[in-house]
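Engineer: This is the structure I have questions about; it appears just below.
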Amino acid sequence: MKKEMIVYSVSDSLGGTSQKLLSAVTAQYPDIIFNNSYRFPFINKEEELLDILRDAIKDDALVISTLVDGKLASVAREFSQAHGLSYLDLMHPFFEIIKEKTGTDPIEVPGTLHRLDSEYFNKISAIEFAVKYDDGKAPQGFLDSDIVLLGVSRTSKTPLSIYLANKGYKVSNLPLIPEVPLPQVLEKVDSRRLIGLVCEPEKLAKIRSHRLDSLGLTQETSYTDLEKIYQELDYSKTVFKKYGAQIINMSDKSIEETAFLIEEHLKKLN
């Protein structure tokens, strides 16, 4: 039977930082169930914070804090030490190191990571762009794209487009289907901005089969036929070569890893 650990996440903002760290840590413990349903964002009152910490003691929970307010963080730390509560402060030890190195204090303003600045609105615009020019719906958008993703069905074009859009990049994508002519505008796109996505045929067949299963479609079709998939991938590689696209094999890469490679590629263009 797997062990279970209850985790409280406390923040004076959204608390996204602790969630990202927790996801990375929990992945290293497949035999432990982490109950992370106890999330407490926008905490700004001392008594409210203490009530949460008292409940954490009752649940024998681990408390992860991203409180930036120095007074609240001190209250939480002192309470936890006095009551033997497992408490992890993700912010203030980092602040102390920076102050030691630079002599500079943090501004201690919650939510500055999520402020509505030009970067935020650029990201929203990029997401709208990715949706508008998804799946080759409007090929003229290729000319305004930071990146154009090319690939056969189920090579992660759409999720990769949205992921990169969340980083502010304008991304469009085009599904490659041997029977469907390529849009002429593709010839006008800077080849350095073309990324061709491929996947090992056997893995792609499994991904497609899983997709059909999720839709309640179990009948064998050419969509999952291995020979047909080989033909599609051969066709896609011909297209990549013709237009000078950089090729990335998605077989053993996550969306995040692939996005990193694309970002590194983009940096070389600027």
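The backbone N, Cα and C atoms fix where each Cβ goes, and this holds for glycine too.
Owing to the predicted nature of the structure, the values given are computational and were not obtained by experimental measurement.
So Swiss-Prot says this about it:
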- Gly151, Val152, Ser153, Arg154, Thr155, Ser156, Lys157, Thr158: ADP binding site (BINDING)
Engineer: Could you tell me which three-state DSSP class Val152 (ADP binding site) falls into?
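Structural biologist: Reduced to three states, the DSSP call for Val152 (ADP binding site) is coil.
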Engineer: In sequence order, what residues of the same chain, 6+ apart, have a Cβ less than 8 Å from the Cβ of Gly151 (ADP binding site)?
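Structural biologist: In sequence order, the residues whose Cβ lies under 8 Å from that of Gly151 (ADP binding site) (at least 6 apart) are Lys157, Asn173, Pro175, Leu176, Gly196, Leu197, Val198, Ser236.
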Engineer: With the cut-off set at 10 Å between Cβ atoms, which of these binding-site residues ends up with the most neighbours? Options: Arg154, Lys157.
Structural biologist: Lys157
Engineer: Whose Cβ lies within 8 Å of the mean position of the Cβ atoms of Gly151, Val152, Ser153, Arg154, Thr155, Ser156, Lys157, Thr158, the ADP site, other than those residues?
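Structural biologist: Neighbours within 8 Å of the Cβ centroid, excluding Gly151, Val152, Ser153, Arg154, Thr155, Ser156, Lys157, Thr158: Asn173, Pro175, Leu197, Cys199.
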Engineer: Select one residue from Thr155, Ser156, Thr158: among these binding-site residues, choose the one with the most other Cβ atoms within 10 Å of its Cβ.
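Structural biologist: That would be Thr155, with the most Cβ atoms nearby.
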Engineer: Near the Cβ of Ser153 (ADP binding site), how many other Cβ atoms are there if near means within 10 Å?
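Structural biologist: Its Cβ shell of radius 10 Å holds 16 other Cβ atoms.
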